[in-house]
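K.L.:
Sharing a structure below in structure tokens format, with a few things to ask.
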Amino acid sequence: LMVVTSNADRICTGITSSNSPHVVKTATQGEVNVTGVIPLTTTPTRSHFANLKGTQTRGKLCPNCFNCTDLDVALGRPKCMGNIPSAKVSVLHEVKPVTSGCFPIMHDRTKIRQLPNLLRGYENIRLSTSNVISAETAPGGPYKIGTSGSCPNVTNGSGFFETMAWAVPKNKTAMNPVTVEVPYICAKGEDQITVWGFHSDSETQMGRLYGDSNPQKFTSYANGVTTHYVSQIGGFPNQTEDEGLKQSGRIVVDYIVQKPEKPGTIVYQRGILLPQKVWCASGRSKVIKGSLPLIGEADCLHEKYGGLNKSKPYYTGEHAKAIGNCPIWVKTPLKLANGTKYRPPAKLLKERGFFGAIAGFLEGGWEGMIDGWHGYTSHGAHGVAVAADLKSTQEAINKITKNLNSLSELEVKNLQRLSGEMDGLHNEILELDEKVDDLRADTISSQIELAVLLSNEGIINSEDEHLLALERKLKKMLGPSAVDIGNGCFETKHKCNQTCLDRIAARTFSAGEFSLPTFDSLNITAASLNDDGLDNHTILLYYSTAASSLAVTLMIAIFIVYMVSRDNVSCSICL
């Protein structure tokens, strides 16, 4: 038997946090209240588009071509000639149908509006200095090169697109289809984008210009793609695109993409617009829908939110295409555990007693310390002292950082792998891109959520292990100078003020230094038996007599029960 009387101090281990618990999801325990969390998601707000940090970003194809659409630049409108800067990223800012301020074009008959987008997809773009075909002497000629007042040049004279030559035959006669080969004239490794087309008008104008008022046939072939056209005769109202003279005629414009060293062919009749200067393009530029102007810089360009600066690894909200150092879309907000399981003080006081409540309070939050720090606290006459254990805290931080980095690296790799596969597929099934992109996003989101659940499980278990290790170290340092009262707390045989606690945190504590006579120590006195005049023999006699009597009584009782059970003895009870 031991009697404990004390006026000593208590020292407890714990982890700091806010007083309010946080909830995280785990793989096997479901939702768990923890002492701290790291938010992993943010919900962005809409902003203007910007230049991507550290990356050449292209807005307009030709920034110095004023009052020109990107289609003007792509077709080589006389007043819209200029250099296209190199760029790793291009912003598709012309989302509505765009016209060209030149001769009226029948946009709906071809994919010509896609030409600027095609060019945006290249990092390096240049217009050839020489013509790919000698238009005057092409098959079916000789030709006179036509111009139009609807397409004024820099001196406001009649002009035409730099990428095409309007081949008006000198001999006004009908012509069977003829073929011209389009040679590859770009540098090795460049794709050649060759623009061509044809002109059609009323029967009267077709007869006057070409000597044939019948519909004409045209065919292009390059890179395994064949396209056929038949011209439409008449029925056009007088109009112009943006400026210049109104025209009753129309032009149909198309393009072919020629891979390195691969020629193309064009089969045509009257009204041909022969290829002239060609676009030579190389490298890849990522394209994203957006708007101009580009203001400032951003980590990420997002089709729905504009320019974003990454503050969290993941985001919730609208999913859309994004490029750059972007957060990854997830369905629901995610939190990473940054502490131990939360234990409410009131519950601990009821179930584990006063000292259990103290331990729970410490794990629930210490005032005056940064959230997430491991350390010690002492309670006594000096009040409350708190000291952080830097080594244990750093180990915990490293563990959480490792989980966070591993989580990020894992998902970035998955994103890159899935994106790469889907981008390749996208080239074959463009019409399914949005559905494929949604499927990709859902897949990645599910993987991220599972990874966070597993990480939370590991972090919570790891934090509990850190606290147990901290408790073992404290017990070893205190040695016989303290009594383990459970729940990470010890009652010391000496006072432990802030200096004492700092020594413990620094691992330089010496019990002898604080076990001075001036301190009130833990008084433990053995219980003693009072002497009432009885010696040891008398006590032993009393004990043996009582034991013998008890044994005899038990034997008699057992015998009576046995006899009654065999009907050898009857027992009657009378009142």
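Any Cβ shown, glycine's included, is placed from N, Cα and C.
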K.L.:
Can you dig through Swiss-Prot and tell me which residue of Asn536, Asn568 is labelled N-linked glycosylation site?
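P.N.:
That would be Asn536, per the N-linked glycosylation site annotation in Swiss-Prot.
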K.L.:
With reference to Swiss-Prot, specify which of the listed residues Cys80, Cys102 is paired with Cys151 by a disulfide.
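P.N.:
In Swiss-Prot, Cys151 forms its disulfide bond with Cys102.
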K.L.:
If you check Swiss-Prot, which of Cys12, Cys80 bonds to Cys68 via a disulphide?
P.N.:
Cys80
K.L.:
Give the distance between the Cα atoms of Asn171 (N-linked glycosylation site) and Cys151 (disulfide bond), rounded to the nearest whole Å.
P.N.:
25
K.L.:
Helix, strand or coil at Cys80 (disulfide bond), per DSSP?
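P.N.:
Looking at the DSSP assignment, Cys80 (disulfide bond) belongs to a helix.
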K.L.:
Test of understanding: give the count of other CB atoms lying within 10 angstroms of the CB of Asn33 (N-linked glycosylation site).
P.N.:
14
K.L.:
Other than its own, how many Cβ atoms are within 10 Å of the Cβ belonging to Asn67 (N-linked glycosylation site)?
P.N.:
10
K.L.:
Please report the Cα separation of Asn309 (N-linked glycosylation site) and Asn497 (N-linked glycosylation site) in Å, rounded to an integer.
P.N.:
47
